[in-house]
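Per TrEMBL, the features are:
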type     : residues  : note
TRANSMEM : B:6-25    : transmembrane segment
TRANSMEM : B:32-54   : transmembrane segment
TRANSMEM : B:60-81   : transmembrane segment
TRANSMEM : B:88-106  : transmembrane segment
TRANSMEM : B:118-143 : transmembrane segment
TRANSMEM : B:176-198 : transmembrane segment
TRANSMEM : B:204-220 : transmembrane segment
TRANSMEM : B:225-244 : transmembrane segment
TRANSMEM : B:250-273 : transmembrane segment
REGION   : B:282-306 : region 'Disordered'
Ligand SMILES: Nc1ncnc2c1ncn2[C@@H]1O[C@H](COP(=O)(O)OP(=O)(O)OP(=O)(O)O)[C@@H](O)[C@H]1O
Ligand SMILES: [Mg+2]
């Protein structure tokens, strides 16, 4: 599905590079009569940023919920690093290295920034002393990288919305995942903050982290992503090079014509 | 002091056993599991200890240990059975479990002594033993309230879906709280009976559920300290309120209602919140430049730290 071959990856990693990190085949999620996701097939290859565009209600978040096993599949199959996982429980796939953020901020209200990020850092970990030390270090690194340094002791209600979103992102990257799924990570952020976050995602890609990013800002998606999926009414309507996907007539019609929520 | 202790020994001891009972309900609640199975296990523990002593001549320690183990196993099995239930339905099912226990012991024939219960189960227990058990329990529970485990338990309570997306096996945590509450209930019930030497079906009733719940609501549901504060309040209140005489129940009711309305986190929750506000004020005072403009919420975060 991912068009084009990947030649700019170090030669030795040739076989690894052609393997997919995640493969979803004919995935459908129906809520009663609502076909939130209906027959979506995607493949994510290592070290790239994939984007999902689509108007409100087109099924983007539901697709992410399906990929993280938070909603049951009506149909289809899921594969992570070559292993089927469409029947495992969500914590299992999370522990295998799939981290995510949520469209709405979901952080523990009574806990500090550090505690919230540590929760992500510790998710994979055992209880050993050495591992606990490493987890703290991962949390500190994630806090630094998301621009939260100096706010470790703050509680969520002391943070602006943009900073709360950063906590979501920090918590996800603190687990040092293999695949990072981001549901509108920069919603409610100003231009500068968005640039900070997309810069961070670019850095993470540089380190080989595969990402699936949902955002409404088309220009930002074209700039940030290596590959775009466009959805409408639960189906994939286009898939490929960002510029080509954005120019695709079906996408123009479904998304750009309406302007959706493309504020800012 | 010594005189005071001997004239209040019953209250001191029942503070410690009631604390364990309250903890048996608080532990699951802290993980978001609305279960009163601990109260049923209090009954199971009480009867196992009495039966063990009266019919089988078990030693005090063995009787207590057996009660704790059986309480834990039964509660865990119950947890497996009703693991699909949450919220009010789970609460109802566990209350029903408690009531079933009280019905079973009425119909237990010679083994349970029927409606009259069992007599002569006096254990070799003193306040020191109770205190030792309470200290060990509190130390173990502290471990579940702090550090990584404390964070995970809180995530399971606050947002189970988020917790599972963080790799936490939510179902396993829920089942574990059943087992722990069963052990604590078993300990509380067996020690209560071995101190009193008798147990009757009337000892296991809905009032225990109400007592445990009010202790936690008034004291605080987030930490063992809340259970302790609540327990001290409710065990000692009749003593303290002796002077109001027949108005005691009214005062009691008003206090519980006031706590539920005005102290959502209980006494300890309010204390923690107050302390945090104080710390935050101090930090803000320290951070603010001497005559700088006040922080502007809209501009907060512009540019960021990165
Ligand atoms: N739990 C649910 N139960 C019933 N319907 C749901 C549920 N979750 C989502 N839906 C419906 O599924 C459709 C897709 O929703 P989804 O949240 O996936 O869209 P989205 O593309 O993420 O939209 P947005 O851009 O607004 O976030 C919508 O019609 C929504 O109302
Ligand atoms: Mg969405």
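Keep in mind that glycine also has a Cβ here, set from the backbone N, Cα and C atoms.
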Establish whether the number of Cβ pairs under 8 Å between the transmembrane segment (B:6-25) and the transmembrane segment (B:176-198) reaches at least three, counting only pairs separated by 6 or more residues.
yes
Does the transmembrane segment (B:250-273) make contact with the transmembrane segment (B:176-198) through 3 or more Cβ pairs under 8 Å, each pair 6 or more apart in sequence?
no
Hey, which of B:32-54, B:60-81, B:88-106 has the most Cβ-Cβ pairs under 8 Å against the transmembrane segment (B:118-143)?
B:32-54
Is it the case that the transmembrane segment (B:32-54) and the transmembrane segment (B:176-198) touch, counting contact as three or more CB pairs under 8 Å in which the residues of each pair are 6 or more positions apart?
yes
Who are the long-range neighbours of the transmembrane segment (B:176-198) in its own chain, taking Cβ under 8 Å and residues 6 or more past its ends?
13-14, 16-18, 20-21, 23-25, 27-28, 30-31, 33, 35, 37-50, 53, 60, 63-64, 67-76, 78-79, 117-123, 125, 130, 133, 137
Chain residues outside the transmembrane segment (B:225-244) and at least six past its termini with a C-beta under 8 angstroms from it:
8, 11, 14-15, 18-19, 22-23, 26, 138, 211, 214-219, 251-252, 255, 265-269
